[in-house]
Amino acid sequence: MSESDRLFAQPQQRVADFVFNEDVVRVFPDMIKRSVPGYPTIVENIGVLGAQFAQPNSVLYDLGCSLGAVTQSLRRHVRNDGCRVIGVDNSHAMIERCSEYLHAQDAMYQELLPVELIEADILALDLQPTSLVAMNFTLQFVAPDQRLGLLRRIRQALLPGGALILSEKLRFADAQEHALLTDLHIAFKRANGYSELEIAQKRSALENVMLPDTFEEHRERLLAAGFSRVSQWFQCLNFASMIALP
């Protein structure tokens, strides 16, 4: 069971860049629930939507799988014969805890898809032919100049009829819209018990690590990577999820 997120509750003389280490892993489920509006809806529906694109005897990828929430959702919803999920994350602590969570899921459910967990940098990963790739709040942590190359490799690996489901925090080209949705997101975090100090220090920790794009930038990049259609299927405040088709 996860702990309550208090990582930024005490004043820090110097706020270090955010990393997905053991401290974050311990509180991650609580952190994500209290920080990302709509997160449970996104995760559950990646499984629902993913089942529409998953093909028999194919690989499904969860790139940047963290604790495996999307992997678990895919295992619950996809029923195609011969499918398996590959979860990939570069954090050793995340992969270890994810494995524990998946073993717990195996104890509760029968006939779930098999899973392989890989500790690796997704930028260096050799992708197998795949009918579905999920990246749930992962691309925003990839260096901007490496995002197009990664998406091109994903597009090349996708089977005909497959899909990429991409969830990201958004920024907005219109300054007033960006300010409004940023303020509303801060209000969401306040309502979930975060103090002004916690909000400010976490923002400082993330500002050089997580670099969001606008939806228009995502769409243009996905089209440049070879995708034919990009549709946004969900948005709550400044968090969104989209489907890109080959």
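Using the three backbone atoms N, Cα and C, a Cβ is placed for every residue, glycine included.
The annotation S-adenosyl-L-methionine binding site is assigned in Swiss-Prot to Tyr39, Gly64, Cys65, Ser66, Asp89, Asn90, Asp121, Ile122, Asn136, Arg203 on the grounds of sequence analysis. Taking Cβ-Cβ distances under 8 Å and a sequence gap of 6 or more within the same chain, the neighbours of Asp89 (S-adenosyl-L-methionine binding site) are Phe20, Gly64, Cys65, Ser66, Ile95, Cys98, Leu117, Ile118, Glu119, Ala120.
Per the record's binding annotation for S-adenosyl-L-methionine, residues Tyr39, Gly64, Cys65, Ser66, Asp89, Asn90, Asp121, Ile122, Asn136, Arg203 show a top Cα-Cα distance of 25 Å. Ranked by how many other Cβ atoms sit within 10 Å of their Cβ, the binding-site residues Asp121, Asn136 place Asp121 at the bottom.
Within the same chain, residues at least six positions away from Tyr39 (S-adenosyl-L-methionine binding site) with a Cβ under 8 Å of its Cβ are Ile32, Lys33, Phe239.
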